[in-house]
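A.B. asks: The feature active site, charge relay system is assigned by TrEMBL to Asp84, His150, Ser541. What TrEMBL lists as domain 'Peptidase S8/S53' is 79-165, 292-437.
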Amino acid sequence: MSEKDDHRSQHDASLSRRSVLKAGTVAGTGLTLGGIGLGSAVAGSSDDERTIDPAFTNVRTREAQQAWDRGYRGRPDRTLALTDSGTDARHPDIGPWSGVTVSTEDGFEVDGNPFATTGAIGPNTTKLVGWHNDHDGYGGFEKPRDENGHGTHVASIMAGSGRASAIDPDRYRADDPHAVLLLGDTLTYEVSAEAGTGVFASAYGDAIELVIEGPDGQELATSAGASGTSEVSFENNIAETPTVHEAGEATYTVHVRAIEGELISTGRVRTIAVGAFEHPADTVGDRTADGDRSLHAGVAPNASLLALTDLSAPTADLAAHADEFVETFNLRAVNMSWGYVGGLPLGAAGETLDDVPGRIREMAEAGMLTVAAAGNDATPATGNGAPAVANEAISVVATGPYDGIAAYSSGGIGGIDESGEPYTKPDVTAPGGQVNVLDIAAENGVPEDEVRTDDGDAEAVDAALEPVRDLEDVSDDELTPDTEFDDEITGDAAYDLDLSSDVLDALPFDDGDAEAMRYGARREGMGGDGVRDYTGKAGTSMASPSVCGIAGLVAQAMEEDAPDPIALPDPAETGYDDVLRLKSTILATATETALTAAPYHRAKTPVYTHGGRDPYEGYGRANVGPAIDAVTCDLTDASVSDAVGLGVPDDERAIAGHVRVTDPGEVTATVAFSHYSGANTGATKGDPHVDLFLYDAQNPDGLTGEPTIVDSDAGIEGDAAVSTGVSVDDLEANGGERVFYVVAKLVNVPGLVTGFDCRTHLDLETAFDEVGLVAEGTRDDDASVFTGGQTNRTALDVAVRHPDDREVLVRDTVPEGWDVDETYGDVEATTPAFGGGTHVYFGLDDARSVYESLTHFAAAPDDVTESDRYTFGPIAVTTETDADGTLTDREWTTVSGTERTVTVVAEET
């Protein structure tokens, strides 16, 4: 079994899948428990109970696991940067700090070696390799600090190690109670934890909340939601807290209970895991494959971090010293989770009124990819202000856990760049949290007085960070799912959102649900023992670092395992074209969600565009696994069977790979639907819609990095085919090798939507049909009109283009009625031509791959009755150069474009 197959089999066993049938079973148990304690200390659990299922972890880490299972977690000698409010290096997910500072106030000055302790990965291995704090809008500090907390949260999403939430396998327990809880009923677990660590609980169910109490009974953490922690039907509840006792071990209590409130009277709990964390000094978290699984690691947990403080201010410094930053810190990408309130005036005029896009272009020329938040203004018109508007940047919109676009996200009506050309944004979507379902990541601590040098400018800070619009600020009609489809694109598909009744019953959309869900997801009484806590935030600010982390992982794959024509060089050697190829890979493997996530698009209505850009979701949901496969999986002349599915984040949304061609010929790829699997397949209403794309991996759009579609097919009934020809000229223009991405994308499963347990199994096959011999030639005749008996001198040039240096014989055809004169010229033999005329041959004594100015002479017919039009050629070549057999029996390949028609007027002169 391959690593990827093993990865899929792990998914099949996951606890996370949404299943109507499972929910019905739970509801039917009739099991009620009143204050029942199930709590011996967790440390005494069995080996099976201590096997940590990733389904109990953060949604972000579960999806990132797709890349980790492929062997990509980031590299400590490659860095992801952020320009933000600051970064708190005291948090174990962000630190340790290298001690290196960088200043650009008087040139480019670096104090120390960023990578002095980034060798073998251990708990003390440097994570934050550099800190730039020339600007003090968010306060001045002698060490990396973050009074606001925004930057710490963003850095943690992008590349946090997870060391503060690394699960201790000896203090972990999983339980499968399948219980119905009335108000007042609880399930109770006790967890023994060491000082300086933490305690967590993670449960699957409906209308439940988790509460963690300290040794003295004080409530330290809670997590609640009408249907888990998501706005619509997401099942997983997570609560965690740092320990609060000062020394030794102590017992903490986890309660699972029905969510309090008048609207909901019962809760259902299916599975739960509880446990304690490792001490951060004893773990590497998710930085390595053999580390401890964590709850809240970032997307690229082993990548290094560079923090630049004060949001937009250091952008000018990055641009002015882009080469130095890249060379010193091995920068691959930089995240910019900021913008201007309302997106104005930049949304309307782009770079004509601002210089940030120009700076981002300079950074791209130095080898840095910029990833930026689209904005949180809840309108389509303000999602294209700087920095997200820049051509070279990836603009990111936020979604919920089931891919529905968050109501607060800005869209992307095109702006205008400095040359008057339109921008088109956004580019992709990624999870950013909902207003009542926050994205959990590292929380900053209060900066110490002794490290503070300046208080900063609170008013400027508030103006720079855009607020997230609360759901209560959005009208009811804006929250009504309303997916539209373009008839010109869908054609006869005539899509309607036709869901199974079981599916509809499982999607809570009435007004009571919205009010009940707002009750939950409030994190209170977290306490603290040092800076190792987590907190929730929502916004495109949280979606952008997820994609920046993806960019870091895809860049690692492109550097280590991609074919040479698309491989990334060392950061210092990376250039503008490399950056656009990295961006293009992420966009090409994104998937549209207009159909699969239709019920979850609350205030935005993306349309199906068949690989085009939608103004709300761009190219669709960013997919780290398929993006990595596109650059690492060679599918040339291969057949693979794989699955895409609706059970996100564990299922993948696309199958991808690449085809490599070094010879001229034709590339073809086909995808065919095989079968469905999963608990909810009975709710499907037909075959899936699967789109197949062939992208030019080497040549994205030279200005924007948008993917170049070579061919595509809409597989409305599950089958699709694409093809393209590769010429010698094409090969020569691309360094002798062509690379194409092949991507099959799930567009729709009739009757079901994202979040249900249904996988679509596909058979993907590629083939390359090589052209055996490619030759080109030209002919030059004396005239186009001849009189009777006039002699025509023909000169031929012939060159073999493929295979290189292949020797051939050359043949030309003289039309019937013309008399070949073998006395003159280079003719070495003649034979009658089939159908009339004469073949003349060259190279019999000295076969070559290139011939210049081969000549033969022939006299035109001189009878008046033979006045007519006559065709010379075409030229033909053969690789059978030995003396065996007759010339006419050999296999001849014609050279296109080498025929010439002349006119004979048979009057003697």
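Glycine residues also receive a Cβ, built from the backbone N, Cα and C atoms like all the rest.
TrEMBL does not curate its annotations; it predicts them automatically.
The structure displayed is predicted, hence computed values, not measured ones.
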A.B. asks: Determine the Cβ neighbour count for Asp84 (active site, charge relay system): the number of other Cβ atoms within 10 Å of its Cβ.
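C.D. replies: Around the Cβ of Asp84 (active site, charge relay system), 29 other Cβ atoms lie within 10 Å.
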A.B. asks: Looking only at the domain 'Peptidase S8/S53' (79-165), report the model's average pLDDT.
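C.D. replies: Within the domain 'Peptidase S8/S53' (79-165), the model's average pLDDT equals 93.
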A.B. asks: Fewest other CB within 10 angstroms, which one of the active-site residues His150, Ser541?
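C.D. replies: Relative to the other active-site residues in His150, Ser541, His150 has the fewest Cβ atoms within 10 Å.
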A.B. asks: Let me know the DSSP-derived helix, strand or coil state of Asp84 (active site, charge relay system), please.
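C.D. replies: Note: Asp84 (active site, charge relay system) is in a strand by DSSP.
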A.B. asks: Cα-Cα separation of Asp84 (active site, charge relay system) and Ser541 (active site, charge relay system), in Å?
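C.D. replies: Taking the Cα atoms only, Asp84 (active site, charge relay system) lies 10 Å from Ser541 (active site, charge relay system).
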A.B. asks: Going by DSSP, how much of the domain 'Peptidase S8/S53' (79-165) is helix, how much is strand and how much is coil, in residues?
C.D. replies: 13 helix, 22 strand, 52 coil
A.B. asks: Measuring Cα to Cα, tell me the gap between Ser541 (active site, charge relay system) and His150 (active site, charge relay system) in whole angstrom.
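C.D. replies: On Cα coordinates alone, these residues lie 9 Å apart.
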A.B. asks: Could you check what DSSP calls Ser541 (active site, charge relay system) once collapsed to helix, strand or coil?
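C.D. replies: Note: Ser541 (active site, charge relay system) is helical by DSSP.
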